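Trainee: Before we start, here is the structure in question, set down as structure tokens.
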Amino acid sequence: MKTENTVWHAQHVDKKQRADLKQQKPCLLWYTGLSGSGKSTIANAVDALLFERGCHSYLLDGDNVRHGLNGDLSFSDQDRIENIRRISEVAKLFLDAGLIVSTAFISPFSADRAMAKNMLEIGEFIEVYIDTPIDVCEQRDPKGLYKKARAGEIKDFTGIDSEYDVPESPTLHIKTAEYDIAQCAEQIVSYLQMHQYIK
Ligand SMILES: Nc1ncnc2c1ncn2[C@@H]1O[C@H](COP(=O)(O)OS(=O)(=O)O)[C@@H](OP(=O)(O)O)[C@H]1O
Ligand SMILES: Nc1ncnc2c1ncn2[C@@H]1O[C@H](COP(=O)(O)OP(=O)(O)O)[C@@H](O)[C@H]1O
């Protein structure tokens, strides 16, 4: 830490008051999965359903965040760790604002996902494993990245020459090769409703 002479200021309005105003319980839907697994697609579908219900939510998406805040980071292991650390901190701020937050990052390392979870209060972190076999991701190849990675044009590509730790006990296990986009999104929204994060 290079910030030793700073002092934390308590704020008058707290997380619970902000959340009560919105009639929701803040939480973080942490989507993880391979490139092309469906993280962005499903997170967007869930966000749209939440919006329709009048919930106040926000989605932080890997590709978008890497255009701005994390534009200085590569896909080395070290930079992926820093990517997830920064996202976890940003997500925590959004939670403090009382929102239902979604993050859609590959987040390949289980230690980093555990770090994100440990930064939050019990019950706030919901790990959503978007489980899609790599051959299906590769067939979809929505951005043509697998083709490039196989041709050696992209190095350190997740699932090819960079590791992905499969979540051992995700809160939600979403199988996109078995259910369509709307069904996957509905599974997640139902969970939020059943556990009273939303009405
Ligand atoms: N080498 C390599 N490996 C994996 N992905 C790559 C790579 N290079 C570029 N991309 C594109 O970057 C998106 C992944 O960014 P993330 O921030 O989610 O990755 S990570 O969590 O830091 O591992 C990923 O987006 P998604 O396909 O939406 O997952 C790719 O579009
Ligand atoms: N059941 C499903 N769930 C999510 N995406 C699906 C599903 N079936 C097909 N797809 C397609 O797979 C692709 C997933 O891409 P994307 O959401 O960008 O993945 P990621 O964000 O994990 O890289 C999209 O083209 C989407 O239309």
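We count from 1, first residue shown onward.
Every residue gets a Cβ built from N, Cα and C, even glycine.
Here TrEMBL flags 25-175 as domain 'APS kinase'. The ATP binding site annotation in TrEMBL covers G33, L34, S35, G36, S37, G38, K39, S40. Among the features that TrEMBL reports, active site, phosphoserine intermediate is placed at S107.
Looking at the shown structure, what environment does each listed feature sit in?
Mentor: S40 (ATP binding site) falls within a helix when secondary structure is assigned with DSSP. Within the same chain, residues at least six positions away from S40 (ATP binding site) with a Cβ under 8 Å of its Cβ are D61, G62, D63, A104.
Counting only residues at least six positions away in the same chain, the Cβ atoms of W30, T32, I84, R113, A116 sit under 8 Å from the Cβ of S107 (active site, phosphoserine intermediate).
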Trainee: Just how many other Cβ atoms lie inside 10 Å of the Cβ on S35 (ATP binding site)?
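Mentor: Summing over all protein chains shown, S35 (ATP binding site) has 25 other Cβ atoms within 10 Å.
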Trainee: Three states by DSSP: which one describes S107 (active site, phosphoserine intermediate)?
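Mentor: Looking at the DSSP assignment, S107 (active site, phosphoserine intermediate) belongs to neither helix nor strand, so coil.
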Trainee: With respect to ligand 2, which members of the recorded positions G36, S40, S107 satisfy a Cβ distance under 6 angstroms to one of its atoms?
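Mentor: Among G36, S40, S107, near ligand 2: G36, S40.
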Trainee: List nothing but the one residue from G33, G38 whose Cβ has the fewest other Cβ atoms within 10 Å; the candidates are the binding-site residues.
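Mentor: Relative to the other binding-site residues in G33, G38, G38 has the fewest Cβ atoms within 10 Å.
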Trainee: Check the recorded positions L34, S35, S37, G38, S107 for any whose Cβ is under 6 angstroms from an atom of ligand 1, and report them in sequence order.
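Mentor: S35, S107, by Cβ distance under 6 Å.
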Trainee: Can you give me the same-chain residues 6 or more apart in sequence from G36 (ATP binding site) with a CB-CB distance under 8 Å?
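Mentor: Correct list: T132, C137, E138, R140, D141, P142, K143, L145, Y146.
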